[in-house]
């Protein structure tokens, strides 16, 4: 009772001191603030919630693919007709949904994103000079937003060193004739403990448009499954944060320790009128199929690579797998082995594809495919995910490539002026020296063009980052100083065959063995 009286007294004292703007009484150590300066404002009409967004504003727009996007708020912007927007978002949805709608209506002037993906209109506008696009590594984008919300003006990261991100010159805007009108600027470089890092500046927005699952009437917010992604850091990095939710509950419905975003970051709240929650890539398994498939292996060549790649897994390992061959290799993980699969959109403990009635729009992998999770799995935000990746907590990264150099340089994200998919999370995934990087790819491109080369001719994803190359013809180990060593060779091929199809010289291991295949 004495403690309650003291608390009550402190509250009165705090209120009195604040209202009079005077000093606290001598001898008082602290007081409880009861300021009413900021309250979350609730809306019923999404247009009302965004109508004051002016032309030329910078918007932070949450979501990953179509998962966790603020559908109702994007629809409201279509109605207000606001123009010349700078949209900061991991990607731009698809042609006819998500931010793709604002691209089609020509309301966006510049995108700051990591991935163009399958949005053909996004790519068309960029390559034709209609849209400015600042492509940024996914983890760097997440950290720039996190830093902006935390009041950190800039930070150093190893991601992007030795690439166009560091060197500058990456096209931001094309002229109609295909020449570069605006190019990215070089980054400052510093060395710490013998490793190179580049300086990245924080990102803040005028407004953040965020999708969450539930909010209470105080303004506290929680997310659902992998729909957390970029939504969480964006909540904290804007002058005005507008959150749309599926349900609003009474104060006290959430345990304090379960709240993902405290009310201090939330300025406006609205319950979305309706949600389509479209699934970009519905991937399913059938009853009795323990893993499920993301497409077919694609014949002997791909299956050969997949079955060799599966031997890279070790019990207890944390691994991040790219779409295509790397992800298909996970189908061959032994049931006697535990491999923890991490997905950069915020999942640790990926399981098989869902049955038809298990598919969930709020649970996808980095390839935007529907997935399930295993017991012991966890969900987290994009900035947290890339802290795991950049910090070297992931043991293995397996991904595809367009080109790999003799000394382990990797190129897999763009063909200037022709094809721009964006680097996504790849630059971050290969940035940690603590993580083993394995490239899986066909040995040659169309027309038997070399993919393993003396020097990459395409823009780099990472410099001297690849540790091993697996193709249908053999396996190479990569040394940053000494180059390639052929350690495994497919049955029926000779070393001379490999020399003819490889665009650089390589050593041959004295212990050269037949190319291994996992038993099935």
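Backbone N, Cα and C atoms are what each Cβ position is placed from, and that goes for glycine too.
Pulled from Swiss-Prot, these are the features on record:
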{"type": "TRANSIT", "residues": "1-39", "note": "transit peptide"}
{"type": "MOD_RES", "residues": "170", "note": "phosphoserine"}
{"type": "MOD_RES", "residues": "185", "note": "N6-succinyllysine"}
{"type": "ACT_SITE", "residues": "344", "note": "active site, 5-glutamyl coenzyme A thioester intermediate"}
{"type": "MOD_RES", "residues": "418", "note": "N6-succinyllysine"}
{"type": "MOD_RES", "residues": "421", "note": "N6-succinyllysine"}
{"type": "MOD_RES", "residues": "455", "note": "N6-succinyllysine"}
Query - Nearest recorded site to residue 421 (N6-succinyllysine) by CA-CA distance, among recorded positions 185, 344, 455 - result: 344
Query - Neighbour tally for residue 421 (N6-succinyllysine), based on other Cβ positions within 10 Å of its Cβ - result: 16
Requested in this report: Could you check which of these recorded positions, 170, 344, 455, sit within 10 Å of residue 418 (N6-succinyllysine), going Cα to Cα?
Outcome: none
Report summary line: Students should find that the Cα atoms of residue 344 (active site, 5-glutamyl coenzyme A thioester intermediate) and residue 170 (phosphoserine) sit apart, in Å rounded to an integer, by 24
**Report entry** C-beta crowding around residue 418 (N6-succinyllysine), within 10 angstroms
**Finding:** 8
Query raised in the report: Counting only residues 6+ apart in the same chain, whose Cβ is under 8 Å from the Cβ of residue 170 (phosphoserine)?
Result: 135, 164, 183, 184, 459
**Report entry** Three-class DSSP secondary structure - the residue listed as 'active site, 5-glutamyl coenzyme A thioester intermediate'
**Finding:** coil
Query raised in the report: Using Cα coordinates, what distance in whole Å links residue 185 (N6-succinyllysine) and residue 455 (N6-succinyllysine)?
Result: 24
Query raised in the report: Once near-sequence residues are set aside, which residues in the chain of residue 455 (N6-succinyllysine), 6 or more away, have Cβ atoms under 8 Å from its Cβ?
Result: 405, 406, 409
Report task. Specify the secondary structure state of residue 455 (N6-succinyllysine) as given by DSSP, simplified to three classes. Result -> coil
Requested in this report: Would you find the one among the recorded positions 185, 344 whose Cβ has the most company, meaning other Cβ atoms within 10 Å?
Outcome: 344
